[in-house]
Amino acid sequence: MGNKECPNGVAIPPPQPFMKSLKYSLKETFFPDDPLRQFKNQAASRKVVLTLQYFLPICEWGPRYTLRFLKSDVIAGITIASLAIPQGISYAKLANLPPILGLYSSFIPPLIYAMMGSSRDLAVGTVAVGSLLMASMLGKEVNYIHNPQLYLHLAFTATFFAGVFQASLGLFRLGFIVDFLSHASIVGFMGGAATVVCLQQLKSILGLERFTHHADLVSVMRSVFSQTHHWRWESAVLGCCFIFFLLITRYFSKQKPKLFWVSAMAPLTSVILGSLLVYFTHAEKHGVQVIGELKKGLNPASVTDLVFVSPYMNTAIKTGIIIGIIALAEGIAVGRSFAMFKNYHIDGNKEMIAIGTMNIVGSFTSCYLATGPFSRSAVNYNAGCKTAASNIVMAIAVMLTLLFLTPLFHYTPLVVLSAIIVSAMLGLIDYEAAIHLWKIDKFDFLVCISAYIGVVFGSVEIGLVIAVAISVLRVLLFVARPRTFVLGNIPNTGAYRNVEQYPNAKHIPGMLILEIDAPIYFTNASYLRERITRWIDEEEDRIKASGLNSLQYVILDMTAVANIDTSGISMFEEVKKIVERRGLQLVLVNPGSEVMKKLHKAKFLDEIGQRWVYLTVEEAVAACNFMLHTYQPNPKKDESGGGWNNV
């Protein structure tokens, strides 16, 4: 059945079966990338291979792997291992977990990701913000000093639930949930978390044994300055020297990108130098705290350590969901950034499944939360990695460390680990991005700074809630308060544009032309009715003040209105009554297919008269001008005939 048409050429789409419309809506919501397209017209055996390649991308790139790729990946893998080992130990301490867990978490998860991940550049491991979040949330339920065993088991359980949540989002195509963390909120949250992490390192840098469990700025400063008599100058000097060394090497590598390995090797170099210094000077006897003994051997199983009893299970679930979202947001954002540089595509939902699976398996093998940190991935990218095999090389290097080298970390000073964390966190405080937000969009800057203040002066959880709440509020404002514009004619053209954007655009005598810039739903229908009424009032006041001809037509350009619901249709019916009471005529321009379909079913097109629906603003203005110059000023007096083009 062909499309019906209004007298002025605006098509009314034929009705679609409900199931067909529902299927289309679900497909666009959950499968916008159409992942099943590759399976069309394929043999059964080929479909099995494609399914395997979808869930295990290593089956796709593995057969094409070359010796040249291996050389590049080995160099990249060894380079990121030199960064992963000291960072892993440091971040585990940040999470109030045994340092060895940082190495465990840099062994198993990278192997899983190498098989399942779609990014060639993502280097998997623990992250500072996730570690801090875990320490903050679990620490409210269990004291890691008084009950370290339960705290450790809760960390495994939270990691398990984080993995389940992440994988579920990918499997059920719900990745758009992560998009509610806007770029501005992530910049503010990460900057705030980095600031808090740096403040927490004052404990080790100043050699303090007792320290606040709160993460906010006021509590940390109070704890620091109430113990000035306990500050250890030896530890402070050592910490400042290593921070300076790490920052200098990073600056040097930024200036000369080809020497990226200088910055990448700096943390491990710091660990080696710090350990040698403590060993030969016996600094541990003078207030410099050291890691102590690290357990030798590979990851022990931890399946039986998971806690599924109340009230701890509720804490683990809540912690898992929150750290899972943060880990996904960081991992996917980092992966997409480097994919853009190398001009390839990564599948967000596939990444969620990969990251979720590696955390589930990790929770069974004494690992805690892992994702793709930016610092490690940047080193991997700069080292020239070709595939995810660089993660396998890194995992092998960490495995050798676990088997043979852990005793060498006995004398590693905690202050060096703190210096490594501080230097890494300073890179996350992206003040340039905040300045850019201020210049481009003040509301985005407000979102950013609110998230930052929430984390620094409240807590990591408060900052996260503020970041999400303001981001969602902005979405609601976009939906609930859509923009409407008065359009005018650009002289000597048939174009009609926003009179605020184009000051030379001319108002058309006797007509008010409005553009609605969003779909019309129950959330914005009342606002649009009131705003259209106010536009009419303002236009009539302007006409009276200038002594021009009275207003006769209200033309609504609906080109940007992609959809409408029943509340929107009711709004149009009310607007029609309002303009009729004022002796005006409502005219619609270019309603979209969904809008036309629903207005036709609701009989609104018959109420307004199909001759008052036009394809372009230019046609509508020409028709109204013709009516103004041919008939009486009040168009409601002419109710007969088939329209101006039938006269």
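Note that Cβ sites are derived from N, Cα and C of the backbone, with glycine treated the same way.
Going by TrEMBL, these are the annotated features:
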- 501-624: domain 'STAS' (DOMAIN)
- 122-139: transmembrane segment (TRANSMEM)
- 151-172: transmembrane segment (TRANSMEM)
- 184-202: transmembrane segment (TRANSMEM)
- 231-252: transmembrane segment (TRANSMEM)
- 259-280: transmembrane segment (TRANSMEM)
- 321-341: transmembrane segment (TRANSMEM)
- 353-375: transmembrane segment (TRANSMEM)
- 387-405: transmembrane segment (TRANSMEM)
- 412-429: transmembrane segment (TRANSMEM)
- 449-477: transmembrane segment (TRANSMEM)
Tally of DSSP helical, extended and coil residues in the domain 'STAS' (501-624): 63 helix, 21 strand, 40 coil
Contact yes or no, the transmembrane segment (353-375) and the transmembrane segment (449-477), 3+ Cβ pairs under 8 Å, gap 6+: no
Positions on the same chain near the transmembrane segment (231-252), where near means CB under 8 A and six or more residues out: 201, 204-208, 259, 262-263, 266-267, 270, 274, 277, 283, 286-289, 413, 415-416, 418-420, 422-423, 426-427
Segment-segment contact (the transmembrane segment (122-139); the transmembrane segment (259-280)) at 3 or more Cβ pairs under 8 Å: no
In contact by Cβ distance (the transmembrane segment (412-429), the transmembrane segment (259-280); 3 or more pairs under 8 Å): yes
Segment proximity, the transmembrane segment (184-202) to the transmembrane segment (412-429), 3 or more C-beta pairs under 8 Å: yes
Contact ranking winner - 151-172, 184-202, 321-341 against the transmembrane segment (449-477), Cβ under 8 Å: 184-202
Taken over the domain 'STAS' (501-624), the model's mean pLDDT: 91
